[in-house]
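In TrEMBL this protein carries:
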type	residues	note
TRANSMEM	15-36	transmembrane segment
TRANSMEM	48-69	transmembrane segment
DOMAIN	69-181	domain 'FAD-binding FR-type'
TRANSMEM	109-132	transmembrane segment
TRANSMEM	192-211	transmembrane segment
Amino acid sequence: MLLSLLILPMVKRRVYEVFFITHLVCAVIALVAIWRHIDSSHSQSRRYILASLCGLTATGALQLLRLIYRNVAVGRKSVRIVARPYSEDIVQAVLYIPRPWKVRAGERINLGVPFLGLFYLFQAHPFTIAWWEEDYEGNADSISLMFRARTGFTRKVLDCLEPDREYWAWIDGPFGPSSPQNFGSSREIADFGHILMVTTGIGIAAQLPYIKELLRKYRNASVNTQTISLVWQLDRTGDWESARDWLQQLVKEDDGYVCFLVS
């Protein structure tokens, strides 16, 4: 049992699709088994199972409505994805969204790309928003993801999507944002005086949104942070190329507020 608990997280990371489908199948089997196990004379017990099924159906319907709202807008194209490969296995994916929203650092979305195949038609995989471009109202009309292609979905994106060509996609979310631990009186990162960010390789994708957001708040005089220090250790040559344009844009907006150290 202990060995199974230790192995399970590794299996989930490496074969996400198999883990997800197996989880759903096991949940359905468990409900059916419990229903059959309960004596029909105990109608009260079966009501609890029916209540859980109703709750599951209701949450599923709400999620479907959220998907429709986020991906469909009258007079606008649905979500489009443009993939740009860097180095041998890094992908920068730009998503053009029909319903802009005000992105916050740490937000994440679930992404599905039906073009990858029938097996991926209804699959959604979680990604952190690494960058976004804003319209005149400050809402994001495009968001960017950055990830390293390994196996499964990310590998299919790298291998099957032609560079700089638009494909239909769908998203769910946004979810988050993540907040720092409440060690003090505030959970807002902008309330801390000095911020040190340390990352390696593709991990830069999780740090850039916070720097972008802090710089915007700094220009609006709505942040207590005095300095930001970023230490980024490159794992491969392609790491720098994948984030270079975003970093250069941050440098243009910066006036000595951020200290960059790349090695």
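Here the Cβ of each residue, glycine as well, is placed from N, Cα and C on the backbone.
Just so you know, TrEMBL annotations never went through curation; they're auto-generated.
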Among 15-36, 48-69, 192-211, stretch most in contact with the transmembrane segment (109-132) (C-beta, under 8 angstroms): 192-211
Within the predicted model, mean pLDDT of the domain 'FAD-binding FR-type' (69-181): 90
